[in-house]
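Under the heading active site, proton acceptor, Swiss-Prot lists Glu144. What Swiss-Prot lists as active site is Glu214. Residues or ranges marked as Zn(2+) binding site in Swiss-Prot: His141, His145, Glu221. The region 'Disordered' feature in Swiss-Prot is assigned to 30-50. Residues or ranges marked as transit peptide by Swiss-Prot on the basis of experimental evidence: 1-78.
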Amino acid sequence: MAMKNLLSLARRSQRRLFLTQATRSSSSFSAIDSVPASASPTALSPPPPHLMPYDHAAEIIKNKIKKLENPDKRFLKYASPHPILASHNHILSAPETRVTTLPNGLRVATESNLSAKTATVGVWIDAGSRFESDETNGTAHFLEHMIFKGTDRRTVRALEEEIEDIGGHLNAYTSREQTTYYAKVLDSNVNQALDVLADILQNSKFEEQRINRERDVILREMQEVEGQTDEVVLDHLHATAFQYTPLGRTILGPAQNVKSITREDLQNYIKTHYTASRMVIAAAGAVKHEEVVEQVKKLFTKLSSDPTTTSQLVANEPASFTGSEVRMIDDDLPLAQFAVAFEGASWTDPDSVALMVMQTMLGSWNKNVGGGKHVGSDLTQRVAINEIAESIMAFNTNYKDTGLFGVYAVAKADCLDDLSYAIMYEVTKLAYRVSDADVTRARNQLKSSLLLHMDGTSPIAEDIGRQLLTYGRRIPTAELFARIDAVDASTVKRVANKYIYDKDIAISAIGPIQDLPDYNKFRRRTYWNRY
């Protein structure tokens, strides 16, 4: 009986095996039948081999490199790291920035938020210390002071009282490439603020006694700036990095120029640089675009029409980066301060966004703020744990045709060697050891920082004015975030290899810096032996 059962099981197994083979054979026949008649059995190619994981990774890398080497030309003008489009829905849902260009070339740009109770209106001018000569260096800053010293319609006192009576705030600042005059007022005083701005920019009197009085004020300001070592370090950094070029000049200018600037110099600077085509009227908050445009048409009627553009001026005197250093030993200072920088990207360079992410990856840290030792940045974590600095800050400065990317640090004299090694180690590491987690963290921190910075009408107006002067348009937040999200670890490595790895550096240092390594040691640490 047991033998019969075994034989029965054997027959069933053979029957199942036969049915399985028959099914497989019929599938093979079906596949052959589906081949076109013109193809002979011998023409059948063997099945392709399975794609190995490293082959798949190599294909992804090739596609990314292809995108990086052949970016969409539409984005080259606007600093996109590689072609990627933002969602149109997000862009359209953001507050609209409306721009109107008047016949004389003056641009009026607004972002309306009628629920706000305040507004900021200002004039952003494509003029700064970069567009001066050695003889006139300091004129732009001197003019910023003199512009509030009375017009044909308003005395100095009347101007100050008018702004105070409406609860407003009037201010100005000068940088290397831009000058700005702006007013923050209540929603009912926007037209009055525009009238004040138009008056001071077109009808300032520049009385000789006022000029002489302001000359002394600026000389005292220069003494105050010389006492701010961080300002001195960064001014010296520009002077050595861009030596013998316009970007190397200071904003305040040398003392001998301040002592010799005349009324004619101020008037000539306005005529040649405060031109309609180089100016943007920006407004944000409780403003209506049509009303602002009409007011600007009515008020800004005396602007110069000099055809010279900043692009022509930059082309005539381009910035040139020079690997070099400047050191000032001062043992009276309690701490040493220094900055080390590489040549960075311009505003419109496709790599500028990646450098912003890299700046965030390096981060900043201050011993007195209490940020903690276990922060996300490898550099700040190394500095904090080993206690080799009082503060440290990565910076990324953009200009029309170049930039500066580097680190500024404050430390005790006996920590300089360890600190300089840590800085160069972590900065150079960006060229070949970057994790996706670090890049993602930096992207999120950067986006958060940008959003927090845009809180208020004044930062929004400043953003509008600056972007129209640098990009020619206002970049929507959603589009900017899409560009930031397009930066990954491979992008960071590529950009770091382009701007950092084995590249010249500029160094500026002040204080008890005898133990700061020499230039050649810094330079050798811009590369590693990776073999």
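These residue numbers are counts, starting from 1, taken along the chain as shown.
Yeah, the Cβs are placed from backbone N, Cα and C, and that goes for glycine too.
The structure displayed is predicted, hence computed values, not measured ones.
Annotated features taken from Swiss-Prot, shown on the structure.
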| residue | record | contacts (Cβ under 8 Å, 6+ apart) |
| --- | --- | --- |
| His141 | Zn(2+) binding site | Ser129, Thr174, Ile218, Ile251, Leu252, Gly253 |
| Glu144 | active site, proton acceptor | Ala172, Tyr173, Thr174, Thr179, Tyr181 |
| His145 | Zn(2+) binding site | Glu214, Val217, Ile218 |
| Glu221 | Zn(2+) binding site | Leu252 |
If you count the other CB atoms within 10 A of the CB of Glu214 (active site), including all protein chains displayed, you should get 18
Within 8 Å of the Cβ centroid of His141, His145, Glu221, the other same-chain residues by Cβ around the recorded Zn(2+) site are Phe142, Glu144, Thr174, Glu214, Val217, Ile218, Leu252
